[in-house]
Amino acid sequence: MADAFGDELFSVFEGDSTTAAGTKKDKEKDKGKWKGPPGSADKAGKRFDGKLQSESTNNGKNKRDVDFEGTDEPIFGKKPRIEESITEDLSLADLMPRVKVQSVETVEGCTHEVALPAEEDYLPLKPRVGKAAKEYPFILDAFQREAIQCVDNNQSVLVSAHTSAGKTVCAEYAIALALREKQRVIFTSPIKALSNQKYREMYEEFQDVGLMTGDVTINPTASCLVMTTEILRSMLYRGSEVMREVAWVIFDEIHYMRDSERGVVWEETIILLPDNVHYVFLSATIPNARQFAEWICHLHKQPCHVIYTDYRPTPLQHYIFPAGGDGLHLVVDENGDFREDNFNTAMQVLRDAGDLAKGDQKGRKGGTKGPSNVFKIVKMIMERNFQPVIIFSFSKKDCEAYALQMTKLDFNTDEEKKMVEEVFSNAIDCLSDEDKKLPQVEHVLPLLKRGIGIHHGGLLPILKETIEILFSEGLIKALFATETFAMGINMPARTVLFTNARKFDGKDFRWISSGEYIQMSGRAGRRGMDDRGIVILMVDEKMSPTIGKQLLKGSADPLNSAFHLTYNMVLNLLRVEEINPEYMLEKSFYQFQHYRAIPGVVEKVKNSEEQYNKIVIPNEESVVIYYKIRQQLAKLGKEIEEYIHKPKYCLPFLQPGRLVKVKNEGDDFGWGVVVNFSKKSNVKPNSGELDPLYVVEVLLRCSKESLKNSATEAAKPAKPDEKGEMQVVPVLVHLLSAISSVRLYIPKDLRPVDNRQSVLKSIQEVQKRFPDGIPLLDPIDDMGIQDQGLKKVIQKVEAFEHRMYSHPLHNDPNLETVYTLCEKKAQIAIDIKSAKRELKKARTVLQMDELKCRKRVLRRLGFATSSDVIEMKGRVACEISSADELLLTEMMFNGLFNDLSAEQATALLSCFVFQENSSEMPKLTEQLAGPLRQMQECAKRIAKVSAEAKLEIDEETYLSSFKPHLMDVVYTWATGATFAHICKMTDVFEGSIIRCMRRLEELLRQMCQAAKAIGNTELENKFAEGITKIKRDIVFAASLYL
């Protein structure tokens, strides 16, 4: 039905289909003058303005015309197809997840819903009989009681609540229950540091607990295993025995699933887990918790409860501190009401302080002028007894700079100083004497003794843990941290201070999102200790009340899938018998979220089709044919315009005084006069070539309002009833919608307003002289364009115009009315078509094309056969999950590692695991530069194969993802240098070096396994030697939590 408006009828010339270029421009040869695009003359005109009138009444068919009057069935009359299409689309219901959601009850600010398979009836939860698996010394909150009841009934539950609300209670209960029933339980967390802390907590509570993080394995046969999600994923792919005995899996911080890089691991894991396992998901507040539960229910055919609460045990007060001011403004009170008047006062202070505030930023090089704002606030917090405070900054450098400004202050008593020293010396006791003298270790102690701490990724892990312990013991009163501190670790303070409301997210500076603000500000207010938490936001540039309100009162970020394919995933799924990569795509949360849109689209199609059928057009066939002719003319007009706009044709005619018509999207300026034109070169973003841009300066009638505020580029046309002001506006060539054959005389000096306005009078004179519209330059006769393509288009135009004039409708008095109806109906047809495309897309599994491309790459590189059977190379790549498995496998099979020493191989592998940016590129010696070049050659080959397989890949970006910045550092460390020595070789933070080394050790272990898989003992021993070379001293000092 909808394709009734296609143009396949209109191949006017045999074997030459009309080129689809666009809409709306046509032309007519009239008395030898090219009269320009439709609509350019007044309605009365004899020019094509939607309809052409012509003296020609030749009804005889032109040879070249297609005799289509009889072949075209009534476009709108294909009723049956409509009905069929709807029913066909409704069969999508089979695809739709069959899940229903039942609301259970809502008690004391906590909602409880359950998602269950559509064919099951909801059975109310049974109250517990007998003793609880674990007793608590305090009264449980409503949401904790509800969640525990789900666990007692052996049903999965997602608990979504604020950080300090006490979600861990629900997890502990599930562990206690599993241990009592002699079942195994797995607790997974997103980061190793968090796993270590959780292990510590669980071990103190239950004893029968083990830990597996890739770095460390403790008691792997325990009934309760704490592990990172990556380890669980690889256990599932390996078909580990452990999985057979597991009854419960607890996912901590499930909102981490939206992490663009590692979130996919959660999804894979949840999909791979067997249906008989039950789950406890702990999450920060997410608005779409119910959707997640529906997915779990759809995936594992079991009910999944959602317990959601916005409750905060300690309410928060939010203040703004405007830079340059000296006081706090309460903008959200403890009841959660936004106080707009206070917000506006704060912004007023900011405006008044204006330039003063700008000068107060700390200089990166020198000190700051006088005490900084941060210093003022922290001092005030201490005086008012609002400590402990966490001060969040968005860069490691800022953290340290602010902390160093505090050195004049001292928040600890002598007693506390002694304790700090004792904890500190015990913590670093395991380090060698040399490592104890590292600058970072020596510098941090004096700060800690004063009750000031620093916490960011660049710190040595052992210092980071020491600081966490001191903070939780109340020995640090002011902690300067980056946002990673807000991840998971339950270490609340009384006050949270943001040093800035903007952050750099790798691409640009932006306001922090309300979700990030909620996560970080949630650290304020300690349960049972503070009656309220205090959050202070420092603002140094004006924000509108809308942005302010959105930030301070916005909702949490939804949990959206970050699922994407990886080669390791595809290969592992090809290796495992009972599951394939297609299954993984179909079952992903990504696909599920996509399916949820289907009912809306079906509804849209239905409504549009009803509207469509309501529009009745008399003599429909004939009207549609006429409509199509006009559409076709419009399209051809656009093509002609494209020829005219080619700089080589139009530039010679853009002399000063030439009348041109300017139209920019919705803004139609009408006729103006060319003043000048210039050529600007524009660098193309991807190729770096110069692309000349031609800018024409045109004198146009603009609205005075639009000229007030900014550059002339922002000028808007004057409204019909307004006099407007003539102004010279720079216009890109393609915005000229018509070029006239008329030229006017323009005054030499256009600065005086009167001179400019005089030109407007001249233009109006010309318009009076040509009531049928100002004559345009004829592309062939005037502009002398000899292009064969253009001649063809003009021939087609003549044929169509002839056809239009001879159409019975053309001179019909009701033409406009029926034509408008026809246009409306055609638009609905287009909408239906696009909605159906949407439906079709909704049925297809997303990313399936990418999967095909990836399989193509695997076949071409010899990792798998054409029938998806995994080859030797593929089995090797399955062993490597923490770095680029394709490239490493290729390097191994090409013998790239064979001639390298263990130290060289280790240094080369560091490129795969170092992820930060370093400003300086090390000067590499040939023994490192050689292997690096070979690796890059190998990577280029993979990029080439990927591009040939139609994968979107940019060779530059791909190559730059391997960062050689620490190669020399790792090489020197592997040859036995001290940590102090390698720190001096680079500007990378100590903590980042250690993180790189620990990742490297994990990769080396995987490389050992990979070498073992091909039976290359020599290579296996080389990688193992690499491990022993780097695994020493402070780099691998054990975590204090273990």
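Just so it is clear, glycine is given a Cβ too, placed from its N, Cα and C backbone atoms.
Candidates Lys358, Lys549, Lys606, Lys661 were compared with Swiss-Prot; the annotation SUMO2 cross-link appears at Lys358. According to Swiss-Prot, the feature motif 'DEIH box' maps to residues 252-255, out of the candidate ranges 252-255, 276-279, 516-519. Per Swiss-Prot, the N6-acetyllysine annotation among the candidates Lys51, Lys61, Lys417, Lys708 falls on Lys51.
Averaged across the motif 'DEIH box' (252-255), pLDDT for the predicted model comes to 88. Annotated pair Ser164 (ATP binding site) and Lys723 (SUMO2 cross-link), C-alpha to C-alpha distance, rounded: 63 Å.
Take the recorded positions His162, Lys723: by the count of other Cβ atoms within 10 Å of each Cβ, the lowest one is Lys723. Each residue contributes its Cα atom, and for Thr168 (ATP binding site) and Lys723 (SUMO2 cross-link) these two points are 70 Å apart.
Across the motif 'DEIH box' (252-255), DSSP helix (H, G, I), strand (E, B) and coil residues number 2 helix, 0 strand, 2 coil.
Of all Cβ atoms in the shown protein chains, 7 besides its own fall within 10 Å of the Cβ of Ile139 (ATP binding site).
Neighbour count (other Cβ atoms within 10 Å of the Cβ, all protein chains): 19 for Ser164 (ATP binding site). Across the structure, Ile139 (ATP binding site) and Lys723 (SUMO2 cross-link) are spaced 75 Å apart at their Cα atoms.
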